[in-house]
Structure formats: C-alpha cells, structure tokens
C-alpha cells in the first residue's frame, strides 16, 4: 500500500512499548479532528469516542507504572503465543485478546502482519467509513509537518506527564478482557476524570498511600465537604502555606458547581486537579464565535497551556498600585480570563497622600523596585527623595493590603461574586456577603472543623473572625461539653503552680544585694512579689490552723462522751443526767459569788 496522507503510518518503538501517555492520544485526537475535513471533534464530542475506541483496541494498562496505551505487553504476549494473535484489531472491535478464529478473520480482512520488533503497521479496511473524523486508534499516525497544533486539545499538557487512568484505581484482574462502556453505548462526550470513580469505595488512607506510590513527588490534598447553599459541596484544603493558585481556582469552580467531584471523596492529587481543570477549559470553549475571535481565543489558550503547570507552585503576578483589578499583562493572567474568574488585589496607594502618589506613579511592583534602586544611585536630591518615599511605602505596606485598597475592594466586588484574591504572594478564594468580604479557610488544620469555613476580611492586620458556611460567627464552645470538675481542677493546679513560682522567685531575691541604681519599677515589682509571698504564706498558715482545730474538736467530744457511754443506766435514768447537768451550773454560780465577795472586801 502506498503511503498517503490518509493511510496509516508505521508506529514508533516508543508507541509499541507502551510509553505514549493518554494525554498525547487525547491531544492527537483533538488536533486531527479539528484540522480534518469532517468537522470539529471537540465540539461534536468525537474526541471522547476516539479516546474510548483507542482504549478498547489496546486495552487498559495493567500496572501503575504502565501509563501509556498498553500496546507493548499485548503485542509481546501475542507474538509469543501465535502469529495471528499479535494483530491489532481495527476500530469497532471491542475484544483485546485474540482467539484463533478472530486471528483467522483478521487475516482474511487483510490486516498487516507485525514486522520487526521495533515497528508495527496497523491497517484498516478502506471501505470502513469514519463518521466522526476522529482517529481510529490512540496510536495513530503523526501529524503532517505542516499541521499547526490545536490549542483546544491540551497541547501543552506534555509537561504534566500522564494523568491517572481508571485502571490504576481498579483491580488488575481481567484488564485484558475489559470493554469500556462508552464504546458499547456509543458515548461521544469528552472524557471526564475517570480515575476518581472508585475513591468513595476505598479507604482514604490506602488511597493516599497508593497515590504516593504511583505518583512520587506529587502533592496530595485533602477534601473538606461543607454545606454551601444547602448543597453538599467539596473544597480543597492546603497542606502547606505557599502560593497555590490551583487550589484557589478549583475552589471557585467547586463553589460555583462548575466542577463536581465524586460524593464523599476525601483526597485528590495535583495531577487529578489539573485534569479536572483541563476538562473544564475544553468544555468552557465558546461555541459560536467569529473567525477573529476564534483565532484570538486559540492564541490565549496556547499561552494558558504553556504556564498551566505553574498553577501548582505559583504564578508571576505583577500588581499595579492604581486599581484593585490592575495587573501588568502577563500570560499568567490569561488563565483567569479564560476561566472567567476575577482576580483582585488590595495593594493601592492612597490618592490623598501626594508625595507617595508622585513617587509611585503608575509603576508596577517590579518597575517600582527598579526605580528605587536607580534613585538611590542618583546624584539628584529630588530623585533620591522619591526613592526614599517609595521604599518607605513598600516597607509600611508589607502585608500588600492598605485601608484604601480594602475600601476599594469592598465597593468593587459584587455581592455574591466568587473570585480570587492576591495578597502576601498567596492566592485565596474570596466572596462578598451582605457588604462584607470573606476569605475561604483552606488550611488543612481546619479540616475537621465543620463550623469554620470563611474568615472575614475587615482590616489589614489579618485578624478576621471565623464564620460557618452561612456566614454566621462561629459560636463559642458549648458549656455542657466542658466538664466542670475537670475545669476546677485545672484552675486549682494553675493557682498552686503560680503560688509556688512566686514563692520560689521571692526566695531567690537577696535584699542585701539590691543595687543602688535600681529603678522604681523594678523595686515595686520586688516589693509586690514579697508581699504576695507573705500573703500566700499567711493564708496557708490560716488553713493549717483551721485544719488542726477541725481535727481536735471531734477527739475532745469523743473523750467527753466516753463516761456517758460507759454507764448504760444513763440512757434508762434520765433523772441522773439532769442532776449532772445542774451540778456544774450551781458550782459556777458559787464561784461567781466568791469572786464578787472578794471584790467587796
């Protein structure tokens, strides 16, 4: 057969060995479908069918390390068993393992044999129609040299390695005979994030360990489920306090219900987040636009894909001090434009301070730093003064938020708007509720705190109030949950420790060695410590004396009660006891008379 642009081309060794990742197959499918004469595969959904047909023809990978199309293992096993079993079935056939009858039928249809170990040739029947314009296999022929890369097919995802496939989260048994359901049912939609379907059935700890083994060096994030507008909604928490715009963007899409995760999913990897984001960017492509708008959109998509991997670490955002939405134009800002997510900052110059306005002007942050360096080296005193004022402005607003900027943010952000806020080189999800700005709490330390979802942004110091998902202030701990006896014991222990500490400090003070130049404050502190020590010692002595009295009183009463207990007749003869009570009284009266008589003498 003569090689023509439409005829299949020989596969490379890397393809036969199973080193082609699913995103490459997806990119090639999108590129050929868009540039081909059959129409746009992305718009019509042919890309998903092509990817599904590719998976059905080559089988799912059977090990975590085998992330490609998996053709190498099938061809090697087929070559060792029978020559006919190494044939690659054409599109439309769902079984992967080739029986002798299937091999004979394939040989009768004219499928090409396998050549050397380095290359293989896949030929399909000329009479088979192609309704969708998508390639018949993920291991398809390379694009012609004159082809321009399609910008809506995730062309720049090569630096993200390969996304996890669904077989990595399923059992390895029966991987060769599994038939994708989307091929049988004729599903034509774009591929969704399949690897997350089994998360809800597996132990999160096992999934976390498996994810770290399969994707070494990748970040794993925990998911917190909240009740957002009466809907069970997930948000991604952050394990490290670093610049991570990926989480801020995904949380905006999750709160807006534009991206959905499987129910009760608890962990997710960074690569899976990138896959969700890439799928949404493809779905959000405008359908009916003019040719000029389409070219502009494709250029923006190309620029966004080139920096998409930076979302995991940080974006180079260069703010201007004149407006809350004024940034220097960089490719990093195109991502927010494509996703239609507003990006704000609050690092503004107060227009009422003329010298700062004159020193800063319309400079961006990078330009202002360069201006400060040049002004310091200048011989002009006016330039030196401007550089000093600009440097003071940066030092005084190190939190990257001013009160003027906070006021502008409050008036600019729309009610209920979900956006991304840039401050302290960190990206946060922000919204506005009843005229008050709130930042989404994504710290992993609050993963189990269901009542802590938002934090108010009402000053530049960063000491906001925590609120729940309905923007109610977090109530204090329930008094019933605090054990009173335990709290009393804690208070007593604290007072005892404080008393012992004060006593020890007072004993260490040597009043004879007090320097003459001691200040009044230090002398007053020492006197107060001595007074506290004496007071505590006095109270301790009082308590000990009271304890001695309480212990001696029962003993004396017991000694007085022994004679009464010794005579059993005292109980039966009440008259005798009355006489005994009267006798001491009479003796006391006689003594008083004797005293009085002595006084008269």
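FYI, residue positions are counted from 1 along the chain as it appears here.
For all residues, glycine too, the Cβ spot is worked out from N, Cα and C.
Looking up 62, 132, 556 in Swiss-Prot shows the phosphothreonine annotation sitting on 62. Cross-referencing 432-484, 485-537 with Swiss-Prot places the feature region 'Ubiquitin-binding domain (UBD)' at 485-537.
Cα separation, residue 520 (site 'Ubiquitin-binding') to residue 527 (site 'Ubiquitin-binding'), rounded: 10 Å. The Cβ neighbour count for residue 520 (site 'Ubiquitin-binding'), using a 10 Å radius and every protein chain shown, is 7. Under the DSSP three-state reduction, residue 524 (site 'Ubiquitin-binding') is assigned to helix. Taking only the Cα positions, the spacing between residue 524 (site 'Ubiquitin-binding') and residue 426 (active site, proton acceptor) is 48 angstrom.
According to DSSP, residue 426 (active site, proton acceptor) is assigned to a strand segment.
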